Protein chains: 4
Amino acid sequence: MSSPIRVAVTGARGRMGSEAVAAVQAAPDLELVAALGRGDDRAAAEGADVLVDLTVPDQVMDNLEWALARGMHVVTGTTGWTEERLAQLGSWQAASRRPDGRPANVLVATNFGLGPVLIMVLAAKVAKFFESAEIVEMHHPAKVDAPSGSAIRTAKIIAAARAEAGLGPGPDATTQELPGARGAVVDGIHVHAVRSRGLTAHQEVVFGGPGEILTLRDDTFDRSAYMPGLLIGIRQVASRPGVTVGLEHYLDLD
Amino acid sequence: MSSPIRVAVTGARGRMGSEAVAAVQAAPDLELVAALGRGDDRAAAEGADVLVDLTVPDQVMDNLEWALARGMHVVTGTTGWTEERLAQLGSWQAASRRPDGRPANVLVATNFGLGPVLIMVLAAKVAKFFESAEIVEMHHPAKVDAPSGSAIRTAKIIAAARAEAGLGPGPDATTQELPGARGAVVDGIHVHAVRSRGLTAHQEVVFGGPGEILTLRDDTFDRSAYMPGLLIGIRQVASRPGVTVGLEHYLDLD
Amino acid sequence: MSSPIRVAVTGARGRMGSEAVAAVQAAPDLELVAALGRGDDRAAAEGADVLVDLTVPDQVMDNLEWALARGMHVVTGTTGWTEERLAQLGSWQAASRRPDGRPANVLVATNFGLGPVLIMVLAAKVAKFFESAEIVEMHHPAKVDAPSGSAIRTAKIIAAARAEAGLGPGPDATTQELPGARGAVVDGIHVHAVRSRGLTAHQEVVFGGPGEILTLRDDTFDRSAYMPGLLIGIRQVASRPGVTVGLEHYLDLD
Amino acid sequence: MSSPIRVAVTGARGRMGSEAVAAVQAAPDLELVAALGRGDDRAAAEGADVLVDLTVPDQVMDNLEWALARGMHVVTGTTGWTEERLAQLGSWQAASRRPDGRPANVLVATNFGLGPVLIMVLAAKVAKFFESAEIVEMHHPAKVDAPSGSAIRTAKIIAAARAEAGLGPGPDATTQELPGARGAVVDGIHVHAVRSRGLTAHQEVVFGGPGEILTLRDDTFDRSAYMPGLLIGIRQVASRPGVTVGLEHYLDLD
């Protein structure tokens with residue numbers, strides 16, 4: 001058996017971070033070398049193979065610069081990425097050096113849930129086969145945005161796949177509509193957002209053709225759902241050159 | 001065994017009508033005495049116990065006046081009922097006489113689907129127990145109205161039950177909404193309308209409380225779905241005095 | 001405003017008990033007077049209007065005898081009820097005296113989830129309308145029994161309603177079956193049990209007639225789902241004479 | 001615009017065949033040159049680019065030999081394929097000659113439904129990511145086999161993907177089971193078969209990991225569902241060399 005991957009976590013006292021620390025500790029092929037919160041000395045993380053950053057937008061850049069300067073691979077689930085930030089990250093990555101002289105690698109993923117990521121990838125693959133496509137997402141009532149960012153991204157992916165296949169708008173004879181009944185329209189795709197006590201995060205993509213419906217549905221019940229995807233990131237970052245944006249690129253679904 | 005109920009059908013060559021004729025013929029306790037289309041002589045229907053009218057708004061009043069004047073019970077699924085029409089119908093019914101000297105009875109039902117009717121009745125019963133309630137209806141893309149009339153009625157029923165129980169609006173922190181994402185709002189209840197090739201008529205009512213969801217769902221795939229409800233109407237109209245509006249009153253769900 | 005209902009909880013340090021203590025404390029019309037664990041002195045509970053017992057079978061009888069001897073109403077969610085135990089409970093209840101001279105009341109409920117209880121009540125009401133009825137229950141993979149007790153009770157309730165309506169077995173032409181494919185058969189109703197990581201406790205009752213399906217579905221995600229039902233019990237026990245077995249009798253669904 | 005593809009249909013008076021004839025006639029890029037039933041003279045089909053065979057096992061081989069001997073491409077949805085028959089078909093195909101001197105091509109597909117085929121392909125892709133996987137298929141009550149052939153194939157595909165990924169059996173603590181509750185077991189995958197009036201053909205694949213569920217669902221409501229897949233076969237057979245078994249190989253999902 002090969003030696004374990006040495007992992008340091010920043011943002012380790014946050015909700016995602018503490019879950020990540022536990023997941024790394026529970027994995028026999030991973031070794032936790034440091035679990036750092038805001039203000040902790042990063043020296044403890046030196047010598048890690050992979051830095052897992054689960055902090056906030058005002059800390060992530062500093063952590064990633066520090067880690068890449070030391071030749072660590074980086075996996076981050078922190079949000080707030082702009083073109084400018086990604087460009088900066090790219091230059092740090094290009095200048096980084098592993099002990100073997102090659103650059104370190106980076107995975108930037110704003111969603112480590114396998115379900116939501118798979119829904120997007122699968123939807124992109126099948127969209128061209130169906131005349132109709134709509135999205136119903138359902139979330140807890142404390143959510144402030146509707147539709148969810150994930151549903152918007154899924155709609156855009158479906159719209160792009162339809163355009164590439166030469167599909168026009170889906171059939172819809174609606175002429176009498178109570179305002180909002182047909183949902184929000186994202187690049188031509190209708191998206192409906194349900195909010196209810198009891199729900200967490202759920203998404204249903206409904207594809208329809210003559211005489212048939214294909215439904216892809218994801219239910220995320222709690223934060224533990226993000227751990228399998230995070231572990232895939234940690235285990236694979238060493239073999240995925242460069243800066244990768246989006247967990248889907250690590251899933252080998254093509 | 002008692003003698004069969006003698007049934008005449010008007011509108012017998014329409015889509016609902018021909019389905020009804022077949023259903024009456026297949027029922028061992030019913031006897032079809034006449035199946036009349038537009039322009040056919042109604043004399044053939046004389047002596048029926050029950051007239052089933054499945055015509056159109058410009059024929060129904062004439063048929064019902066004729067039947068009640070002859071002391072027949074009436075079951076009608078024709079649409080277009082107004083307060084005025086119902087009042088007229090009420091006066092004909094009150095003046096009607098069965099062979100036993102009592103008035104004939106009338107069932108007016110614009111939906112004979114057991115599923116949609118049961119969803120409304122059940123939703124009314126359970127609404128008071130849940131903080132949240134939303135409706136997602138899904139129909140074929142040739143439908144011109146959104147949401148469906150059935151979904152609007154269900155929303156109103158839920159809203160009334162919530163008001164009676166002293167429930168305010170469901171929790172919803174949405175502050176950033178793409179227009180339409182949260183659906184149409186009917187008496188405070190959010191209603192979402194999906195349109196897709198492959199669908200027929202489907203409705204889902206989602207109730208939510210802390211840690212749980214209760215879902216009531218109806219799928220109607222074709223016109224045969226209306227026959228069990230129509231047969232209930234035919235079999236029970238003799239024992240339900242007066243004019244009844246809505247199949248739900250024949251279902252004894254209380 | 002009337003004075004709050006004074007509530008004592010036994011089994012207060014268990015998982016259900018601690019959740020119940022928090023729910024009582026959060027309710028403006030309830031006052032927590034004692035939260036007792038195993039070995040705590042029950043004197044602190046004297047003067048409560050309602051004892052909520054959430055202990056275990058070897059403690060519950062002693063607690064209920066004690067409370068009823070002091071004229072407290074009792075709500076218990078503890079399991080292990082036999083005919084003999086219920087008879088004993090009945091005699092204690094009959095002998096109990098409230099300050100007004102009438103006996104105290106008791107609610108015994110082994111499931112305080114509104115969803116599961118409502119599914120049973122609604123299924124009993126609608127079963128007579130459909131030729132077919134099957135149950136699919138889905139639970140977490142640590143569950144040792146299949147199907148769930150709740151699904152078995154629901155199947156029995158449906159079977160009884162079908163028998164009362166004179167319905168025979170549902171249509172089923174299966175002649176080539178891989179063993180188990182058609183599920184377990186409980187009083188003639190087919191029940192299927194799915195076990196999967198990620199699930200908690202879910203039940204779907206599928207009713208089918210020509211051209212239509214009616215589905216009743218309950219999803220329970222965590223223990224908080226039992227609190228609304230428990231609070232209904234606490235609030236209503238004073239006005240429900242005698243010993244009541246089953247939360248459904250407090251829900252006024254008829 | 002290129003000239004239309006010339007299509008002949010054998011088995012044209014059967015249920016699938018008559019649907020296929022209508023679909024070919026409705027497609028602007030296809031031209032129906034012959035619609036043949038049992039006993040009709042096949043001379044009318046000469047000169048077709050593609051023969052669509054929707055007959056029965058005792059006619060298909062004769063039709064395919066005839067068509068390949070004339071250099072026509074073949075798309076067949078007829079069932080009853082054995083290793084021996086496929087070998088015979090392969091030799092006819094290898095010996096066939098198109099006008100350009102290359103062999104004609106063949107598509108053998110026992111299911112032209114895009115939904116069922118896509119479910120299998122997608123399930124194969126995602127199975128490796130989830131600890132648990134179960135199948136619930138739901139069909140009309142006249143079906144004689146349980147589970148459906150499609151569900152069995154899907155289970156085998158999932159089992160193979162799990163084995164390749166080194167996944168053992170899914171977690172399942174069941175020790176008290178009513179016989180059949182946990183379904184049929186196909187290569188370690190539990191498969192549940194619901195039969196109900198009102199249903200047609202439906203399949204749900206439930207994948208579960210910590211805190212999340214991914215569901216793939218297909219609903220087939222009527223035979224029109226097979227036409228989009230059949231048209232894909234007709235349009236692509238000219239560019240897919242050799243004998244292909246399974247529509248999935250024409251869908252370019254990799």
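Positions of Cβ are set from backbone N, Cα and C atoms, glycine also.
Predicted automatically and left uncurated, TrEMBL annotations should be read as such.
According to TrEMBL, the features are:
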DOMAIN    C:5-93  domain 'Dihydrodipicolinate reductase N-terminal'
BINDING   C:Gly11, C:Ala12, C:Arg13, C:Gly14, C:Arg15, C:Met16, C:Asp41, C:Gly77, C:Thr78, C:Thr79, C:Ala109, C:Thr110, C:Asn111, C:Phe112  NAD(+) binding site
BINDING   C:Arg42  NADP(+) binding site
DOMAIN    C:117-251  domain 'Dihydrodipicolinate reductase C-terminal'
ACT_SITE  C:His139  active site, proton donor/acceptor
BINDING   C:His140, C:Gly149, C:Ser150  (S)-2,3,4,5-tetrahydrodipicolinate binding site
ACT_SITE  C:Lys143  active site, proton donor
Count of other CB atoms lying within 10 Å of the CB belonging to C:Asp41 (NAD(+) binding site): 8
Other residues, Cβ within 8 Å of C:His140, C:Gly149, C:Ser150 Cβ centroid ((S)-2,3,4,5-tetrahydrodipicolinate site): C:Glu137, C:His139, C:Lys143, C:Asp145, C:Pro147, C:Ser148, C:Ala151, C:Ala201
DSSP-derived helix, strand and coil totals, residue by residue, for the domain 'Dihydrodipicolinate reductase N-terminal' (C:5-93): 40 helix, 21 strand, 28 coil
The residue listed as 'active site, proton donor/acceptor' to C:Gly11 (NAD(+) binding site) - Cα separation in whole Å: 26
Listed recorded positions C:His140, C:Lys143, C:Gly149, C:Ser150, filtered to Cα within 10 Å of C:Asp41 (NAD(+) binding site): none
Intermolecular Cβ proximity, recorded positions C:Arg13, C:Arg15, C:Asp41, C:Lys143, C:Ser150 versus chain D, under 8 Å: C:Lys143
C:Ser150 ((S)-2,3,4,5-tetrahydrodipicolinate binding site) versus recorded positions C:Arg15, C:Thr78, C:Ala109, C:Asn111, C:Lys143 - nearest by Cα: C:Asn111
Cβ neighbour count within 10 Å of C:His140 ((S)-2,3,4,5-tetrahydrodipicolinate binding site): 17
Residue pair C:His140 ((S)-2,3,4,5-tetrahydrodipicolinate binding site), C:Arg13 (NAD(+) binding site) - Cα distance, angstrom, rounded: 24
Between C:Arg42 (NADP(+) binding site) and C:Asn111 (NAD(+) binding site), the C-alpha gap once rounded to whole angstrom: 25
Nonlocal residues around C:Asn111 (NAD(+) binding site), in sequence order (Cβ under 8 Å, 6 or more apart): C:Val117, C:Ser150, C:Tyr226, C:Gly229, C:Leu247
Sparsest Cβ surroundings (other CB atoms within 10 Å) among the recorded positions C:Arg13, C:Arg15, C:Arg42, C:His139, C:Lys143: C:Arg15
C:Ala109 (NAD(+) binding site) to C:Gly149 ((S)-2,3,4,5-tetrahydrodipicolinate binding site) - Cα separation in whole Å: 14
Least Cβ-crowded entry, counting other Cβ within 10 Å, from the binding-site residues listed as C:Gly11, C:Gly149: C:Gly149
Same-chain residues at least 6 apart in sequence whose Cβ lies under 8 Å from C:Thr78 (NAD(+) binding site): C:Gly11, C:Asp53, C:Leu54, C:Thr55, C:Val56, C:Pro57, C:Gln59, C:Val60
Surrounding CB atoms that lie within 10 Å of the CB of C:Ser150 ((S)-2,3,4,5-tetrahydrodipicolinate binding site), all protein chains: 23
Rounded Cα-Cα span from C:Gly149 ((S)-2,3,4,5-tetrahydrodipicolinate binding site) to C:Arg13 (NAD(+) binding site), Å: 26
Inter-residue Cα distance where the pair is C:Arg15 (NAD(+) binding site) and C:Lys143 (active site, proton donor), in Å: 17
Rounded Cα separation (Å) that holds between C:Arg15 (NAD(+) binding site) and C:Gly149 ((S)-2,3,4,5-tetrahydrodipicolinate binding site): 20
